[in-house]
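Annotated in Swiss-Prot:
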- PHE22, ALA56, LEU57, GLU58, ALA80, VAL81, ILE82, PHE113: 5-amino-6-(D-ribitylamino)uracil binding site (BINDING)
- ASP85, THR86, ARG127: (2S)-2-hydroxy-3-oxobutyl phosphate binding site (BINDING)
- HIS88: active site, proton donor (ACT_SITE)
Amino acid sequence: MIYKAKLIDQTNKKIAIVASKFNDLIVKQLISGAQESLEMHGIDESNIDIIWVPGALEIPMVAKRIAQVQKYDGIVTLGAVIKGDTDHYDLVINGVANGISQISLSTDVPIVFGVLTTDTLEQAQQRSGAKSGNKGAEVALSLLELINIFEQIKSI
């Protein structure tokens, strides 16, 4: 048997978007892209909840709690970490990426990583809706595919 992700029958899905308030001008664009993508694939606006957290490092903690509640079919994580002149950038991106990875492996709720990690503000702007598309929209589609795969493999 071959199992392949499909973007079908998503109408009754409940989605959480966990978003960092830091660099909110970029993150708001990512959220818009994610919302539009989810709605284009049948998710009603009333089934999309946005949970704002102070910064990117708080995303994994809140995503874990949301997954534990088991109210949502999937979780999108969004943020923008832009490199500065200190090593803090590396600490933040490693903490966020590792945290989300651990949570996604330890829960039964699909979670996708949509935290931009860029060297410049311009790169973040390009990836949040300018030249390079909108990564929020892309990860939202990935989430819908994961939800579908999870549903298919329940019967294995």
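Including glycine, each Cβ sits where the backbone N, Cα and C put it.
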Span of the 5-amino-6-(D-ribitylamino)uracil site, taken as the largest CA to CA distance across PHE22, ALA56, LEU57, GLU58, ALA80, VAL81, ILE82, PHE113 (Å, rounded to a whole number):
16
Between the residue listed as 'active site, proton donor' and VAL81 (5-amino-6-(D-ribitylamino)uracil binding site): CA-CA distance (Å):
10
Fewest other Cβ within 10 angstroms of its own Cβ, chosen from the binding-site residues ALA80, VAL81:
VAL81
May I ask for the distance between HIS88 (active site, proton donor) and GLU58 (5-amino-6-(D-ribitylamino)uracil binding site), taken between their Cα atoms and rounded to an integer number of Å?
15
Tell me the Cα distance separating ARG127 ((2S)-2-hydroxy-3-oxobutyl phosphate binding site) from GLU58 (5-amino-6-(D-ribitylamino)uracil binding site), rounded to the nearest angstrom.
22
Pairwise CA distance, LEU57 (5-amino-6-(D-ribitylamino)uracil binding site) versus ARG127 ((2S)-2-hydroxy-3-oxobutyl phosphate binding site), rounded so that it is a whole Å:
20
